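Enquirer: Please find one structure pasted underneath; my questions will follow.
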Amino acid sequence: NFSRVTEFILLGLSDTRELQVPLFTFFLLAYVMVLLGNLLIIATVRTDPKLSSPMYFLLGNLSFIDICYTSVTSPRVLVDLLSQRKAISFEDCIAQLFFLHFAGASEMFLLTVMAYDRYTAICKPLHYRAIMSRHVCWVLVSACWAGGFLHSIVQTLLTIQLPFCGPNTIDSYFCDVPSVIRLACTDIYIIEWLMASNSGLISLACFLVLVISYTFILVTIRVRFTEGHWKALSTCGSHVMVVTLFFVPCMFIYLQPFSTFPSNKHICMIYTVFSPVMNPLIYTLRNNEVKASMWKLWKRR
């Protein structure tokens, strides 16, 4: 009597009707801020010749990934908050899971590349242009997307081969690996450890590389401190804020067995909502060159 689940029911963040309008307003404002902020950064980087350095090239790509990343979950959340029955088909759920991990892992790798860029600029300034040439930047960005695709396809293939024949209620506002595979009608002990070692170890490895890079940067700045190094330190400070918001919640969720812990949907909001919103604010408000270029772009328009 095997019957495969054809749809899942998303419980969302709250089942209280009085909170639906405030939550809808919050997610709508957050999504609009992400779109407008990151589109403004992309337009500024592409139109101002002064922002042609590798750092701003990578920043433009980070903004594009953030738009893709938040567009995987936010539109669906907005629709569900206005719906009585928050149902999502099995195929749409798997697609959301795939693109979420595709964009999320690509952003992790790109943040690591950005840390390497800052390390090269501060610790090896004489060789910076040679090491971080435009060709190298394109290769590194392509590698980030390729790494994100490989990571996501592994997660997706491990998920779709599971039998789903019983419960179909997901205690979250989007489809993700931990919340979906715990509904499978089979023992998932080995699968969840494979997935945790995939997502969790990628998050941990990228985070450790970032920590090592910024440690070398701080040591270099301490040894030979100049006004230019102070500017670089300010830039690195904004990177550290982004890294903390994005990586720490991911490591908390994915470096543990999924079935033994309750839903972490409120923690997921940190890296699916707050981190994409903070990225354009951090990279513009703390960067005088970007702010000046945006002001010039505004006056020209």
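Using the three backbone atoms N, Cα and C, a Cβ is placed for every residue, glycine included.
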Enquirer: Could you check which of 55-74, 155-174 is flagged in TrEMBL as transmembrane segment?
Expert: 55-74
Enquirer: Who are the chain neighbours of the transmembrane segment (55-74) in space, where the CB to CB distance is under 8 Å and they lie at least 6 residues beyond its ends?
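Expert: Cβ under 8 Å, 6 or more out: 27, 30-31, 34-35, 37-39, 41-42, 45-46, 96, 99-100, 103-104, 106-107, 110-111, 113-114, 117-118, 121, 134, 137, 141, 144, 173-174, 235, 272-273, 276, 279-280, 283, 290.
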Enquirer: Count the Cβ pairs between the transmembrane segment (201-221) and the transmembrane segment (94-116) that lie under 8 angstroms and are 6 or more residues apart in sequence, then report whether there are at least 3.
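Expert: Output yes: the transmembrane segment (201-221) sits against the transmembrane segment (94-116).
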Enquirer: Excluding the flanking five residues on each side, which residues at least 6 beyond the ends of the transmembrane segment (267-285) place their CB within less than 8 Å of a CB in that stretch?
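Expert: Distant Cβ neighbours of the transmembrane segment (267-285) are 13, 27, 30, 33-34, 37-38, 40-41, 59, 62-63, 66, 69-70, 73-74, 104, 172, 174, 176, 238, 241-242, 245-246, 249-250, 252-253, 291, 294.
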